[in-house]
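What follows is a set of notes on a single structure, which appears directly below.
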Amino acid sequence: MGDQPSEVKCGEKTMETGLTHECGVFGAIGSESWPSNVDIAQIVLIGLEALQHRGQESAGMVTTNGSSFHIQKGMGLVRNIFNNENMQKLRGSMGIGHTRYSTSAASDQVNCQPFFVHSMHGSLAVAHNGELINKDGLRKAVLERGVGLSTHSDSELITQALCLNPPEGEINGPNWPGRIKHLMQLSPLSYSFVIMLKDRIYAVRDPYGNRPLCLGKILPVNEQGNAVNDNKAEGWAVSSESCAFLTHIRYVREVYPGEIIEMTRRGITTIDIVNRPEGRLPAFCIFEYVYFARPNSIFEGQEVYSVRAQCGRQLAIEYPVDADIVGSVPESGNAAAHGYAAQANIPFGELLTKNTYVGRSFIQPTNRLRQLNVALKFSPIGVNLAGKRVILIDDSIVRGNTIGPIIKLLRRAGATEVHIRVASPPLQYPCYMGINIPTKEELIANSLDSSDLASHVGADSLAYLSVDGLVKAVQNNIKAESRKIGHCTACLTGQYPGGIPDNMEW
């Protein structure tokens, strides 16, 4: 759960600055030419619905039948942007989609993705997750080539940079893999993106593997919507998370760090792999496990839920406490709470019920309004609290603004002790790779240690999972492969993969 987001002004727009992800991408291509039995637009729409948790500001989709492109984008949730009328227009044998939460550019219609441009070599659409760490230098290089940019989004910057010839030149038309590789060499961090041309889709993941991306196989289905043949492919899909692959799509594998995959009607092919600098490990964002991803998504051969449960077990080993019941701040703390309870041999019980009809909200300007907002979102379950010593598991603490009011709710419901256990280490550093983390001054862990924070929020004790404990929990069940394993812990340790750009301001 972390904290509720606050707001800052970006131009004339309001944007949140809590612990939030930038976006999710999805793409699909059918194995038959248009028209076919596979409704690609519907497959992309279902994928975007499943990735809604990765961005709620805007969404968009571009489809093509090989000759014409169809575009639908807008502000708001997926279900509010796409309806029967505009879905009828989104016809084609392939398509890409995007759900967005802004970090580097304002929340505005002009920044909605996918971006679509006409080039001298044909049209292309791009959907991107992440943030280019050297976007200022790349932006200057693009502008110097005479290309105009209409937004400050680095996603548009990627689109326009792909229209530039690679340094080795081109002989027989555009060399798209060469252009993609050139862009990746210029910007090694941080992105996963999909590029759609008139007859193919390229799926790309940065050389460090910082942002997630995975592949799936579209299967034939019967009238009930159930897959009927695992061996036959009616097409292929790519997604930020495997949770978007429902019964009609089988998870195949992750896109490897630095991999460029070409998806056509004939199947999927690895075109190239762009390597990291020698000696550098992969740097998959560890907070995908902690907070961002859905619990049923698969990373590195393991389900996110199992990792979160392992974090809870490790937390119980590091910071045990005598108590009568273990519960969580719903819902992202649930798995860790189950793990803690199992390891500590203390019963698990629901302590709070969440009002699912309360949307995302801004931090209110006064303590009274803030507490009222928390009380609207969460209600204590008195029968599990009265006279009980309570361990409350949260997945993360960012500013520390909401945990205090929650503790008050528990105490008013009769809890005699409230011990806070956080299933991730303290956040101490901002992120510049696509995760919107507040400034160092706003992060509560930089001003209060665990003991002081416990007193500040009214807890009997408070403890965070250690960095070593988090890494151990994450890597505990990773399936052994020849490929190297590594995770980005920059927001916890200040050790950034690739270093800190010279022009970053903290």
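If you go along the chain as it appears here, the first residue is 1 and each next one adds 1.
A Cβ is built for glycine as well, from the same backbone N, Cα and C atoms used for every other residue.
In TrEMBL this protein carries:
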type	residues	note
ACT_SITE	C23	active site, nucleophile
DOMAIN	23-266	domain 'Glutamine amidotransferase type-2'
BINDING	C285, C431, C488, C491	[4Fe-4S] cluster binding site
BINDING	S332, D394, D395	Mg(2+) binding site
Checking the recorded positions C23, C285, C431, C488, C491 for other Cβ atoms within 10 Å of each Cβ, the smallest tally belongs to C431
Would you identify which of the binding-site residues S332, D394, D395 has the most other C-beta atoms lying within 10 angstroms of its C-beta? D395
By CA distance, which of the recorded positions (C23, D394, D395) lies nearest to C491 ([4Fe-4S] cluster binding site)? D395
So around the [4Fe-4S] cluster site, C285, C431, C488, C491 aside, which residues have their CB within 8 A of the centroid of those CB atoms? N210, I286, F287, M433, I435, I437, T489, A490
Distance between D394 (Mg(2+) binding site) and C285 ([4Fe-4S] cluster binding site) at the Cα atoms, whole Å? 19
Write down the Cα-Cα distance for C23 (active site, nucleophile) and S332 (Mg(2+) binding site), rounded and given in Å. 18
Spacing of the two Cα atoms, C285 ([4Fe-4S] cluster binding site) and D395 (Mg(2+) binding site), in whole angstrom, works out to 15
Do you know offhand how many angstrom separate the residue listed as 'active site, nucleophile' and D395 (Mg(2+) binding site) by C-alpha? 20
Whole-number Å only: compute the distance from the Cα of D395 (Mg(2+) binding site) to the Cα of C488 ([4Fe-4S] cluster binding site). 17
